[in-house]
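*Asks:* These came from TrEMBL, pasted as-is:
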type	residues	note
DOMAIN	A:17-320	domain 'UvrD-like helicase ATP-binding'
BINDING	A:A38, A:G39, A:A40, A:G41, A:S42, A:G43, A:K44, A:T45	ATP binding site
DOMAIN	A:321-594	domain 'UvrD-like helicase C-terminal'
Amino acid sequence: MSTPASASLADADPLLDGLNPQQRTAVLSRSAALLIVAGAGSGKTAVLTRRVARLIRDRELWPSQILAITFTNKAAAEMRERVELLVGREAAQGMWISTFHSACVRILRREAEQFGFGAAFTIYDSADSRALIKRLVKEMQADTLGFTVSAVAGKISRLKNELVDAEGYSRQLNPNDPTEVMFLELFRRYTAELRRANAFDFDDLIAQTVYLFRAFPKVAALYQRRFRHILIDEYQDTNHAQYALIRELTRPVEPVHVPVDTRVELDATGGIPAASLTVVGDSDQSIYAFRGADIRNIVEFERDFTGAEVVLLEQNYRSTQTILDAANAVIANNFDRIAKNLFTAVGAGDKIVGFTGYTQHDEAQFVADEIQKLHEAGTPYSQIAVFYRTNAQTRALEEIFIRSGLPYRVLGGTKFYERAEIKDLMAYLIAVANPADGLAMRRILNTPKRGIGPATETALANHADELGGTMHDALRDAAALGLGPKVTAAILDLAGLLDELADGVTTMLVPDVLTTIIERTNYLELLRGSRDPQDEARAENVEELVAVTRDFQKNNPEGRLVDFLTEVALVAAADDLDDSSGTVSLMTLHTAKGLEYDAVFITGVEENLLPHQMSAAEPGGPAEERRLFYVGITRARKVLHLSLAMTRSTFGDTTVASPSRYLQEIPTELIDWRDSPGMGARSSTRSLGSGRDGFRYSASLPPAGKPKTEWANRVTASVRDNGDLTLAVGDRIRHVDFGDGTVSAVTGVGPKSIAEVQFETAGRKRLLIKIAPLEKL
DNA sequence: GTTCCTAAACTTTTT
DNA sequence: GTTTAGGAAC
């Protein structure tokens, strides 16, 4: 970061060193409300951390009086690290830096008892909510009215983000509309079930904190007094509930809630003035409207917080001018925005590389080949990222990456914690921590199989109701149900295990709780002894989970079961990003927000994918998709690749794809289009619907149904296994796709060994020997 | 109560 | 093409 140094006293301050005038203003402003409009790559993290560092260093307030909200846990950790680097680890102790959800969990765990919840409440993820809603829809036979689980879940979530609870909804509904009445009943029962289970869903974490503050001004005052400076990052993606939370936290404290011994400065009436608020955002990067994010929060900030100061950061320190030109050109097509132009002093840099493949496999091969070239030219794998619109697009990429021996990791997507065996064991842990959680209890009741079927489950649930207690209470009292001796014994055994663990929950280490469960239920042994070949992988996952708990305990020696469960519930896709891993990162465009890489690939830049088909119907959909593309482009520092395929297979059948409308918005001279190597002789007619140059169009598509074997980059669907085949430098081999070649190097050991092969016609490739479709000649 | 087979749904993005 | 849900058979 280099800016012309102005000769002022401030230059002596290392915390202002290297900042441009706007950035300095943003660091130094002491306005009660400050909006920093930070374009992509404009050094906003540097500004935020230095602002916080100055507050602490100059003793304007204690670290514990600072609340900073970031979008992901990873961003929070990064910010803490950078502040510690500036003022020292000791001096930074006590700051709250976290996501909205983590901060609210922290508050709720402290205050839950105030309003009828227990401190060990469970956090339901979307899958848990859906499971519960599914049961309710069934019980109510709501499906006959056309209710689907996802529609109900979506509507409840939207209402909660708007701070409308079941009672609020009942006041505004039409009592003559049976579907509205039914929905209200579902909403009511869902709310009641959560309360009974001592659980909050994701949306509750925010909404219930707001309700808590509104219902208990004394509790609210506690936090209003404590936090004197509040910073919110990615403000453009806050929803109404989050906005309301900010409003609650930035209320002045009434004199009646001011303790006599307060050291805080009082206002004229004897109260404590409102906390200062700093928000950072960029409406061009708002991509979470589907989650309730309301762009008005940032647009109307100045009106909401009177006397607010606004600082604009437009200079970009990340990307080349070529990349910025493309980004500016694309985003300029969104009409309802405040004009803003990113600029840089870096220079034009390389052209954007465009590629049109025949199929998604062809496209993936291009990506893999380009990554290999970049790597050989000195770009580390960790500085390369591949983005896509939907998670389903990873498959083709992964297939090719595995076969090319490229080290990669997928961020987000089908997560570890969504696997059945992991959910099983997590359900045990939850049942131990929160005996009221019926959902977890139902899951473990017959896992592993102990002969407790649906009939017994219902009997136990009814018994719990009769006792007026939890499922756990019913289990202990199973003898009263008059079931068979075998089933009764199994139930009592489970109840005993849970009792035993619940007794030790405050003292036992988390890995010990888990291993006790695994041993007593024989979980691992059963998987090992199974003849289902997939169970071997499941057993490995179970061991991985044990390793995760050990890791957790190592990092949090004081952490107990509830802390572990909280951490697991709130980890986001981008959070487990380990920069030191030395791998290429694959992720959705949404996950890419806030990250940056030397080389970026945006794949699947096609109509119906980017913009996505589903977005067309939504108001503001195409504009939001454009912002998504903009976010993707602006992640790149040095080189950007845009690729698409002419055909794409979804659901097993192949459809013709056409280039995204957004590609036409990038000036032609910025992109260097390359041909697909699998397409044979180049055609002279290259046109796109609009007449702009740049693409091969579908005129050259083969007739439908024609086998794809004629293309050099064809990918065989099944993964083959060459067993223990070993290759040495100089060996001649024949590859199904690439033809004959000579091995020029071999790296790696055992099943992970990779051969570098110089092919006669296809060039140099790296292949995973074990599975590449090749034979030794 | 458990296991196995067929059918249908599935893909937007996530804390 | 894959995964999951539901039903039939044991």
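Indices start at 1 and increase along the chain as displayed.
Glycine residues also receive a Cβ, built from the backbone N, Cα and C atoms like all the rest.
TrEMBL labels come from automatic prediction, so no person has curated them.
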*Asks:* Please report the three-state DSSP label of A:T45 (ATP binding site).
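*Replies:* Looking at the DSSP assignment, A:T45 (ATP binding site) belongs to a helix.
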*Asks:* Sort out for me which one of A:S42, A:T45 has the most neighbouring CB atoms within 10 A, since those are the binding-site residues we care about.
*Replies:* A:S42
*Asks:* Return the average pLDDT for the domain 'UvrD-like helicase C-terminal' (A:321-594) as a whole number.
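*Replies:* The answer is 86, the mean pLDDT of the model over that range.
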*Asks:* Check A:A38 (ATP binding site) against DSSP and tell me helix, strand or coil, would you?
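*Replies:* Reduced to three states, the DSSP call for A:A38 (ATP binding site) is strand.
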*Asks:* Taking the mean position of the Cβ atoms of A:A38, A:G39, A:A40, A:G41, A:S42, A:G43, A:K44, A:T45 as the ATP site, which residues outside that list, in the same chain, have a Cβ no more than 8 Å away, listed in sequence order?
*Replies:* A:D282, A:L313, A:N316, A:Y317, A:R318
*Asks:* Among all the protein chains here, how many other CB atoms are within 10 A of the CB of A:A38 (ATP binding site)?
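*Replies:* Summing over all protein chains shown, A:A38 (ATP binding site) has 26 other Cβ atoms within 10 Å.
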